[in-house]
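Report on the structure given below.
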Amino acid sequence: MNLTLPMKKQKFLLIISLLILLSLLHQDYHIEAQNSDKVVNLPEQPLNPKISHFSGYVNVNQENTRSLFFWFFEALSESPSTRPLVLWLNGGPGCSSIGYGAASELGPFRVVENGTSLSFNQYSWVQEANMLFLESPVGVGFSYTNSSSDLENLNDAFVAEDAYNFMVAWFARYPQYKSRDFFIAGESYAGHYSPQLAELIYDRNKVQPKDSFINLKGFIVGNPLTDDEYDNKGILEYAWSHAVISDHLYDSAKHNCDFKSSNWSEPCNVAMNTVFTKYKEIDIYNIYAPKCISNSSSGASYLGFGVNDKSPAVKDWFKRVRWFEGYDPCYSNYAEEYFNRVDVRLSLHATTRNVARWKVCNDSILQTYHFTVSSMLPTYSKLIKAGLKIWVYSGDADGRVPVIGSRYCVEALGISVKSEWRSWFHNHQVGGRITEYEGGLTFVTVRGAGHLVPLNKPEEALALFRSFLNGQELPSSP
């Protein structure tokens, strides 16, 4: 009697059974993990519309127990299962994507004054996409590490690697989003974070196993720090052209500063320090908006850019020029009140042990951050050639990362113009200007918006975002 065939069949059936069992266990893990992340009974959450959201930690380094905190919102679209996934990053370095992006700008909930309640944001970007807000780098917001050396070694490469590891692990936890079109979005110093993460994903996709593949389609950045030379040149020219500084100060800075060099002369430092002191009476992030008057000990106290009126501290300019690119100080006060409530932290599954007090911006991150990359233009060139869709938008009332510098950066790429500079419209009014370039790059201005475009011009920001995602032209007529 030949028992060979039945034995082979038994082994085959055993293997199939084990694979099915492993698949079921894996599926159970996903369901259990997502259920544990689900946010229920968030204090002060509006009852309508019904919004499904999740929050928690993803470990990106087992050795140092380095964990990044996220807040994820499913799209409010009629078909959320078909909508893309968008990762949002705020800058600083050191500012929270939850305090700004999620709770003050484009998330579905906005913190109301004094952090006592939430209001529904009808112009939230969750109208168009599944939005994932990440507190990065480690040390920002609720994200934490058990190793102090992590905080001493932060630089752009470190941050990009952690963000990449986060996304790989997050997709393993939420596999239903793995095949979606994936975009990265952000503002300010995310002008570094976003393209660097995009580049890392692009490079890793070519060599990593299939289960680590990320379906990256492009990125969109607002008022982004891009190139030190052009950004700093733009700061000076914007301040002069918008009557913030005198002709004499402008001429002095222009004469003494070589913006191509990272080692500025003392006369240049003195001149540029003076430029920033002229902004102390107004809001540099939105020069036409009323200045928030607050005695809070939150991020609002940093608006002086570290300038000591009795001692210019010229040697500290390089840190000061990078001071938190992007916040409304009053909104940051409200966010700090809300996210330090014990009931809120418990609802969001945020640790109270590793993070004693949540801050909208962590100044120690800025002080220890190693600025090793002066220009993102080579990365832009690489990713444009790779075929990624890239949009740069700029609120034209921002004095910190002004539209002038961003225009210099885009022009320096040397890409042929596909569609000439024109106006775009929203609600029968000019929303801003737009230029399209060959290769998928688009530059858009938003009229009357400051550094935080979704906060200052929420309707226009949503229209712009919708156009970016859907590949639709912004209206060229009222």
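Each residue, glycine too, has its Cβ placed from N, Cα and C.
Annotated in Swiss-Prot:
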type	residues	note
ACT_SITE	SER188	active site
ACT_SITE	ASP398	active site
ACT_SITE	HIS451	active site
DISULFID	CYS95-CYS361	disulfide bond
DISULFID	CYS257-CYS268	disulfide bond
DISULFID	CYS292-CYS330	disulfide bond
CARBOHYD	ASN114	N-linked glycosylation site
CARBOHYD	ASN146	N-linked glycosylation site
CARBOHYD	ASN263	N-linked glycosylation site
CARBOHYD	ASN295	N-linked glycosylation site
CARBOHYD	ASN362	N-linked glycosylation site
SIGNAL	1-33	signal peptide
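A gap of 18 Å separates the Cα atoms of ASP398 (active site) and CYS95 (disulfide bond). If you take the Cα of CYS292 (disulfide bond) and the Cα of ASN114 (N-linked glycosylation site), they are about 14 angstrom apart, rounded to a whole number.
Local packing around the disulfide-bonded residues CYS95, CYS257, CYS268, CYS292, CYS361 was summarised as the count of other Cβ atoms within 10 Å of each Cβ; on this measure the leading residue is CYS95. Close to HIS451 (active site), meaning Cα to Cα within 10 A, are the following recorded positions out of ASN114, SER188, CYS257, CYS361: SER188. For ASN362 (N-linked glycosylation site), the same-chain residues 6+ apart in sequence whose C-beta sits under 8 angstroms from its C-beta are GLY92, GLY94, CYS95, GLY139, VAL140, GLY141.
For the recorded positions ASN114, ASN146, SER188, ASN263, counting C-beta atoms within 10 A of each C-beta gives the highest total at SER188. HIS451 (active site) is surrounded by 27 other CB atoms, counting those within 10 A of its CB over all protein chains shown. Under the three-state DSSP scheme, CYS95 (disulfide bond) falls in the strand class. With respect to CYS361 (disulfide bond), the closest of these recorded positions in Cα terms is SER188, chosen from ASN114, SER188, ASN263, CYS268. Geometry remark: ASN114 (N-linked glycosylation site) versus SER188 (active site), CA distance 26 Å. DSSP assigns ASN114 (N-linked glycosylation site) to a helical segment in the three-state reduction. Rounded to the nearest whole angstrom, the C-alpha distance between ASN263 (N-linked glycosylation site) and CYS257 (disulfide bond) is 10. The distance from the Cα of CYS268 (disulfide bond) to the Cα of ASN146 (N-linked glycosylation site) comes to 41 Å. There are 30 other Cβ atoms within 10 Å of the Cβ belonging to ASP398 (active site). Rounded to a whole number, the distance between the Cα atoms of CYS257 (disulfide bond) and SER188 (active site) is 23 Å.
On the backbone, the CA of CYS257 (disulfide bond) and the CA of ASN146 (N-linked glycosylation site) stand 42 Å apart.
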